[in-house]
Amino acid sequence: MVYPVFIALDFPNAITARQFLAQFKDISPKPALKVGMALFYAEGPDFVKELRQQGYTIFLDLKLYDIPNTVGQAVASIAKLDVQYLTLHAAGGEKMLRRAVENKGADLKLLAVTQLTSFSEEDMQQTQLTTASLNESVLHLAKLAQKAGVDGTISSPFEAQIIKQQTHDNFLRITPGIRLAGDDGNDQARITTPTQARQFGATGLVVGRSITKAETPVVAYQRVLAEWSI
Ligand SMILES: O=C(O)c1cc(=O)[nH]c(=O)n1[C@@H]1O[C@H](COP(=O)(O)O)[C@@H](O)[C@H]1O
């Protein structure tokens, strides 16, 4: 089983994203890409289609969170874009998650965001959405997502281990909050290196700034892969 490393294309527009990707033209296999809100809201589905035509695996990170009917319709629209992964918030609840699963079609994998990797324990309590600890909340939401038929979770690597222990074997554990040793954590609160994420049982990585802001992004990407694939 090959576990993916998604490069987060957090760029403001297609021009800068294309310039970035030009550096990877000789890299084979092509890296998997995560298109998030900034790029999608700027360029819309056309840029996603362009990347698909070039053969990239696409993770569309729109973190859907709305009433079940609206999310169901959104997922049905997104399924037509032929992307491979899509995020939605587990906190949207079982009915919302189930409606998304019903509308996703055969080839799209749904990933439920548990607690954002930018959240510390303190940030989470400040929202007053739960009195559970961060770990308890992540595990609870992971189990809820599994029950609703979602394909896996987004969490920090720190929670991947407990999710692995308490969910079925094929349940995906994709982890952002990844930094190469020595890189700044920026706005992230729960970060690990790719090596630590692998040891904690992650089954996929999302890496943004450690690659996109590196002096030589291709070298940084290869360092991530080297740590990840041991
Ligand atoms: O769903 C995500 O991908 C996501 C969830 C989460 O809890 N934390 C998180 O950082 N992400 C995304 O992962 C990427 C991380 O970027 P870097 O911090 O630059 O590596 C960003 O595109 C975030 O939107």
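A Cβ is built for glycine as well, from the same backbone N, Cα and C atoms used for every other residue.
The active site, for OMPdecase activity annotation in TrEMBL covers D61 (among others). Residue environment of D61 (active site, for OMPdecase activity) contains 25 other Cβ atoms, counted within 10 Å of its Cβ in all protein chains. Under the DSSP three-state reduction, D61 (active site, for OMPdecase activity) is assigned to strand.
In this view, K63 (active site, for OMPdecase activity) is surrounded by 17 other Cβ atoms within 10 Å of its Cβ, with every protein chain counted. Annotated active site, for OMPdecase activity per TrEMBL: K63 (among others), in sequence order.
If you look up TrEMBL, you'll see K63 marked as active site, proton donor.
As annotated by TrEMBL, active site, for OMPdecase activity applies to D66 (among others). Annotation note: D66 (active site, for OMPdecase activity) sits in a coil segment as assigned by DSSP. For D66 (active site, for OMPdecase activity), applying a Cβ distance below 8 Å and a minimum sequence separation of six or more within one chain yields A74, G92, M96.
The feature substrate binding site is assigned by TrEMBL to D10, K34, 61-70, T117, R179, Q188, 208-209. Summarising the environment of G208 (substrate binding site), the number of other Cβ atoms within 10 Å of its Cβ, over all protein chains shown, is 20.
The annotation domain 'Orotidine 5'-phosphate decarboxylase' is assigned in TrEMBL to 4-224.
In this structure, the C-alpha atom of D10 (substrate binding site) lies 11 angstrom from that of D61 (active site, for OMPdecase activity). In this model, the domain 'Orotidine 5'-phosphate decarboxylase' (4-224) carries an average pLDDT of 97. The Cβ of T117 (substrate binding site) lies under 8 Å from the Cβ of S155, S156, T175, P176, G177, Q188, A189, R190, I191, each on the same chain and at least six residues away in sequence. A Cβ distance below 6 Å to any atom of ligand 1 is met, among the binding-site residues D10, L62, P68, by D10.
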